[in-house]
Amino acid sequence: MVAPWHHLTPRRAPQQHSSASGSECGTSSLLPMTDFIKYKNWYRMEGADDKDHFRDLELIRERCSARNKNRGRNGEEAGGTRPMPVCVIKGHTNDVTSVDFSGRSLLATGSLDKSVRVYKWQIGDKFVEVSYSPLLGHTYGVNSVNFSPFGSKLASASIDGSTIIWDVKSGERLCSLLPASEAAVRVCAFSPNSALLATGGDDDMAGIWDVSTLSLLRRMCGDESTVTSLSFTPDSCYLATGSSGGELRVWDARYGHSVPLAVKAEAHDLGVSSIHFSPSIGKENTGTLGKQYLLASGGQDTELHLWVVEIGSQVLGGDSTPSITLHHSLQGHCAPIMSVRFSANGSFLASASGDKTVRLWDPIKQIPLGVLEGHKRYVTSCAFSDDGVLVAAGSGDRVVNVWRVDGATTGGQSSTSTTDTVRKLHVRFPSHRLRENTRVIDWNCEDVCEWLVEQGLAEYSHNFRSHVIDGRELLSVTDDVLENKLGVDALGHRNKILRLIHRCQESQTKKEASNEPPSEFLCPITQELICDPVLCADGFTYERVAMEAWLASGKRTSPMTNEKLAHLVLTPNRTLRTLIQKYREDNI
């Protein structure tokens with residue numbers, strides 16, 4: 001029987017320490033996977049032989065499997081005590097105004113001290129400042145920092161009126177974007193396809209720039225109020241802006257329209273502070289059925305709102321006019337909300353506030369998940385790492401705190417919650433693609449009616465609705481029921497409906513039979529679906545935590561080939577991660 005990991009024994013007691021970069025990492029009396037990695041210098045595998053390659057693989061596999069089953073347990077075992085930051089970064093000499101992640105490997109911070117600092121993640125959730133940091137080029141305070149989706153560029157917006165794009169690899173300044181007004185720039189954001197960069201500021205206008213040509217494509221003017229926030233939809237088609245006057249506006253990001261597609265006046269009484277679109281809703285191309293997006297906004301009125309932004313919907317003869325509709329308000333903060341951010345998979349929403357806290361929410365269930373404390377002054381910004389494991393926040397106390405999400409949420413959501421989120425979503429935000437990914441038996445009455453419309457049988461949707469025919473009832477209808485109860489008199493239409501029902505059942509059966517994930521999606525060590533894929537020097541992709549444990553145990557060979565590794569750098573495999581996320585949404 002394989003020995004459990006409690007056979008790890010200390011060589012000497014670990015002491016708290018601070019890195020040279022100004023980051024401080026907390027300790028714990030427990031010894032979960034993260035602490036084993038963090039204190040790898042003090043632990044060894046008792047009785048383990050370096051040549052026993054497969055035995056060590058089994059040890060790591062066993063521990064990783066247990067960790068996946070008990071994710072979130074740390075937060076529950078704490079007995080309600082507040083979650084502590086795993087890392088505290090001190091480097092700025094003035095208020096930290098903005099933070100942003102690139103993957104989990106890089107963290108950028110902007111400050112009123114005119115600098116941008118970049119930190120690199122290390123094993124044990126430590127952050128060490130990179131060699132070219134700080135980035136100096138602004139003459140006044142920095143208001144916003146944002147990595148490009150592919151992580152090759154970093155944009156920073158400043159009170160001096162400029163937006164600088166930096167090369168992430170070298171730290172060199174690639175260009176400075178200067179609008180004609182030279183007014184302070186409050187916010188900047190790359191589009192998800194990395195082709196566009198949007199800026200907004202005190203000139204009451206938002207601008208969209210072409211990243212490849214560095215040319216200003218268009219400027220959009222709302223009312224006479226500062227553009228305080230902006231966010232692209234996940235498909236990069238539209239841009240939403242929030243202003244100090246309290247208005248939300250949605251613009252077409254692809255074409256040169258100077259008139260907003262939709263406006264929501266008085267979205268927040270005292271002004272909009274921050275907005276962000278959910279990255280997981282609205283990615284699909286739904287064709288003539290239009291698109292729906294989920295937008296979060298925070299304001300000076302202490303309110304956190306969730307909005308449904310609908311563009312061009314024609315479902316069941318509905319109004320095709322773009323709209324911004326309030327879906328839900330989340331209560332908890334007692335001071336202005338200064339930043340809102342979704343996680344990359346849309347499972348979590350973070351809000352940072354002047355009440356010195358960051359709150360985590362489930363945006364679908366609309367429930368609070370945890371409160372992160374530790375800052376001594378107002379919290380200006382927050383951001384999730386791409387894998388959703390870490391959340392960072394900057395504050396007026398000049399400090400950046402980093403927490404682990406699994407230790408901060410009371411619910412202990414697992415990585416599979418993304419799929420549950422998407423499935424529950426269609427009840428409130430009906431979408432053609434989301435219904436296709438749901439079993440027929442789980443359709444509600446509106447799903448059935450939409451399906452009839454798409455099949456050219458819209459004249460029967462009223463009868464189906466009046467008889468409350470949902471997916472379960474649809475599967476049991478017969479020719480007699482269609483003719484005598486649901487008013488489908490035409491024999492051809494009855495046969496068509498029955499054929500379509502049979503086809504849907506066959507399609508669902510085939511889909512469930514092919515649910516086995518491709519071998520490329522499984523970690524060679526854990527043999528489980530990868531959550532955070534990293535590419536190793538041996539050319540294989542592994543689960544990050546499993547490979548980190550392998551290296552932390554002192555191994556310098558490939559888990560697959562047992563050959564010596566050329567280097568120990570773990571590179572995020574973003575392409576595979578996107579494919580796995582798509583597989584999860586479609587199949588799990």
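Backbone N, Cα and C atoms are what each Cβ position is placed from, and that goes for glycine too.
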Residues flagged as region 'Disordered' in TrEMBL, choosing from 1-26, 417-442, 495-520: 1-26
The repeat 'WD' (220-261) - residue tally per DSSP class, helix then strand then coil: 0 helix, 19 strand, 23 coil
Intrachain residues whose Cβ lies under 8 Å of the repeat 'WD' (372-406), provided they are six or more past its termini: 34, 71-72, 74-75, 82-90, 92-104, 107, 109-111, 125, 127, 335, 338-345, 347-348, 350-360, 412, 415, 531-532, 544, 572, 577
Close approaches to the repeat 'WD' (89-120) from elsewhere in its chain (Cβ under 8 angstroms; 6 or more beyond its ends): 21-24, 127-130, 132-136, 138-147, 151, 154, 156, 158, 166, 168, 171, 377, 380-387, 389-390, 392-396, 398-402, 532, 544, 572, 574
Close approaches to the repeat 'WD' (178-219) from elsewhere in its chain (Cβ under 8 angstroms; 6 or more beyond its ends): 140, 143-150, 153, 155-163, 165, 225-232, 234-236, 239, 241, 243, 251, 253, 256, 258, 279
